Amino acid sequence: MGLELVNAGNNLPEEINVIIEIPKDSEPVKYEVDKASGAIFVDRILSTPMRYPCNYGYVPNTLCGDGDPVDVMVVLPLPLVPGSVVRCRPVGVLQMKDEAGNDEKLLAVPVSKIFSGYSHIEDINQVSAHWLERIGHFFEHYKDLEKGKWVEIDGWGNATTAKQILTNAVQRYKDTLP
């Protein structure tokens with residue numbers, strides 16, 4: 001089965017499917033899934049020697065204002081394999097901008113069936129402040145040594161904001177279909 005057959009989720013916006021591109025604690029390599037072939041390409045080697053603090057991927061069949069699918073950071077104590085699909089619940093959003101414009105990233109936890117350790121987390125205020133600081137620090141600095149690239153963090157939004165971003169991105173994707 002190709003990744004193009006994976007939908008955004010069966011219970012949107014409460015649950016989403018996230019296709020993992022970059023595992024938690026991986027080396028500073030930015031991978032991206034080619035949406036047409038499903039192959040995992042090396043996008044670039046990050047100049048800043050930092051490891052991803054969480055699993056990182058996207059919600060298929062969504063489209064943000066930057067032309068990409070919705071980015072998602074999946075909080076888990078373990079790394080996931082690139083190309084794997086994990087069902088998650090959005091609990092917040094890192095609101096940020098970079099040299100290309102707005103670049104929000106949803107924060108999500110796996111559904112309880114996959115990992116019950118975060119079943120109590122429903123909103124961003126229930127996520128450890130330490131985790132939020134680590135994630136924010138990574139994204140604020142991971143482009144520091146790349147010429148012409150920058151990031152500005154605008155703070156964290158709650159689950160309601162994350163779900164609205166997701167709902168808008170699903171509709172934007174549907175609007176592009178013939």
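Every residue, even glycine, has its Cβ placed from backbone N, Cα and C.
Positions annotated as substrate binding site by Swiss-Prot: Lys30, Arg44, Tyr56, Tyr142. Residues annotated as Mg(2+) 1 binding site in Swiss-Prot: Asp66, Asp71, Asp103. According to Swiss-Prot, the feature Mg(2+) 2 binding site maps to Asp71, an assignment based on sequence analysis.
Structural mapping of features recorded in Swiss-Prot.
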residue : record                 : contacts (Cβ under 8 Å, 6+ apart)
Lys30   : substrate binding site : Ile22, Val42, Asp43, Arg44, Ile45, Leu46
Tyr56   : substrate binding site : Ile20, Glu21, Ile22, Asp71, Val72, Met73, Val74
Asp66   : Mg(2+) 1 binding site  : Ala100, Gly101, Asn102, Asp103
Tyr142  : substrate binding site : Pro28, Leu46, Thr48, Met50, Val151
Beyond the site residues Lys30, Arg44, Tyr56, Tyr142: chain residues whose C-beta lies within 8 Å of the centroid, for substrate: Ile22, Pro28, Val29, Tyr31, Asp43, Leu46, Tyr52
Substrate binding residues Lys30, Arg44, Tyr56, Tyr142: largest Cα-Cα distance, in Å and rounded to whole number: 15
Lowest local Cβ density among Asp71, Asp103, which the record lists as binding-site residues, within 10 Å: Asp103
Number of Cβ atoms other than its own within 10 Å, given for Arg44 (substrate binding site): 12
CB-centroid shell, 8 A cutoff, Mg(2+) 1 site Asp66, Asp71, Asp103, site residues removed: Cys64, Asp68, Asp98, Ala100, Asn102, Glu104, Lys105
